[in-house]
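Data first, discussion second: the structure below is written as structure tokens.
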Amino acid sequence: MQGAARNFFSLAILYAIGGLVLGLHMSITHDHGQMPVHAHAMVAGWLMSSVFAFFYHLFPLVGRSRLATVHFWLQGVSGVALVVGLFFLLAGNTSVEPVVAVSSIGFFAGVLLFAAIALPAIWREPAQMERRIPGSALQES
């Protein structure tokens, strides 16, 4: 695993650890006020980062592209800012609301960028990749 795949999977593991620690803390203290943060860390963080990693692992040429690097940093920075900002917002610090708003927009922009990267790749790259595989039906002679 390399490139964006490695970066996203590493980020996914960090989200999983953070989300699970928060979930355990809520369970032990019987204070579930941070449930939305836990859900965002586990779904937007762990799950989505894992899906991005899996995609870039399946399409390694795309995963080494400059756009994939931009996608990782946009998604990573905005996602972490969103989860941390939401934590403080739910703890009563309303001054971080602009951070949550901007990071939410950044996170959405990252998903749109992923769509722009992934959709062309799933329709084009498999045939291009097969040309490079010896014995493939599409191998050029």
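Residue 1 is the first one shown; counting continues down the chain.
Cβ coordinates come from backbone N, Cα and C, glycine included.
Predicted, not measured: the structure shown is a model, and the values here were computed from it.
Residues annotated as transmembrane segment in TrEMBL: 7-28 (among others).
Annotated transmembrane segment per TrEMBL: 40-59 (among others), in sequence order. Tertiary neighbourhood of the transmembrane segment (40-59): same-chain residues 1, 3-9, 11-16, 18-20, 22-23, 68, 71-72, 75, 79, 82-83, 86, 107, 111, 114, 118, 121-122, 125, selected by CB-CB distance under 8 Å and a gap of 6+ residues from either end.
Residues 4, 7-8, 11, 15, 18, 33-34, 36-37, 40-41, 44-45, 48-49, 52, 99-100, 102-107, 109-111, 113-114, 117 of the same chain lie 6 or more positions beyond the ends of the transmembrane segment (71-92) yet place their CB under 8 Å from a CB of it. What TrEMBL records for 71-92 (among others) is transmembrane segment.
Annotation source TrEMBL lists transmembrane segment at 98-123 (among others). Residues 44, 48, 52, 55, 59, 62, 65, 67-68, 70-71, 74-75, 77-79, 81-82, 85-86, 89 of the same chain lie 6 or more positions beyond the ends of the transmembrane segment (98-123) yet place their CB under 8 Å from a CB of it.
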